[in-house]
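I have placed the structure first, in the form of structure tokens, so that the comments after it can refer back to it.
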């Protein structure tokens, strides 16, 4: 019986790993070159990407969605776009070139070149696309969220994170924030580089007590407003 249970656990773990998108040479954090006044950050992992433009004093715009690649062609299914919500639901086509640690994308907005900042690895267990699926109530019980069109997702590379609250069905965008993170010895620390709702939070660092078990990430601590945080995030397949 014990052997059977162990075999089942190994098989379940194998299925879980098999459902995750394979790593690609596009995965990681990328920063646009030649942008003098604003930072343009591109994060890519688990076949999802987010591109955000921000300045030291203000958030400018963000967009993102799921992507597929065939050779040097990339197609992006837009799920959110704060500059033009009419693009949500559209599929955009790009030409892709990787050379000497630089990524060049040629598409509807012209040609943009990005320099690589990091790449996910086995030492970055949080790297991937996550969706919030549970939150603790006042009694400390985790309440499972009903899955629907509206979602809060979080994309993490080796060193950078971005969350976005979106509804691709209605094209509604509720907010985003992002920056750098560090995860070691159960301590997860975020440093905020941009925040669409309140720029005064930029520069703050927040530390949480976190655990990762299989496809679930338990996230506990205090938010930037001082409120209690106790959440469950689940990897998106």
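Placement of Cβ uses the backbone N, Cα and C atoms for every residue, glycine included.
Note that TrEMBL annotation is computational and uncurated.
Quick look at what TrEMBL annotates:
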- 1-18: signal peptide (SIGNAL)
- 214-226: compositional bias 'Polar residues' (COMPBIAS)
- 214-237: region 'Disordered' (REGION)
- 228-237: compositional bias 'Basic and acidic residues' (COMPBIAS)
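Within the chain carrying the compositional bias 'Basic and acidic residues' (228-237), a Cβ under 8 angstroms from the stretch's Cβ atoms is held by residues 19-20, 46, 48, 128-136, 140, 142, 153-154, 208, 215-222, all 6 or more beyond its ends. DSSP assignment over the compositional bias 'Polar residues' (214-226) gives 0 helix, 7 strand, 6 coil.
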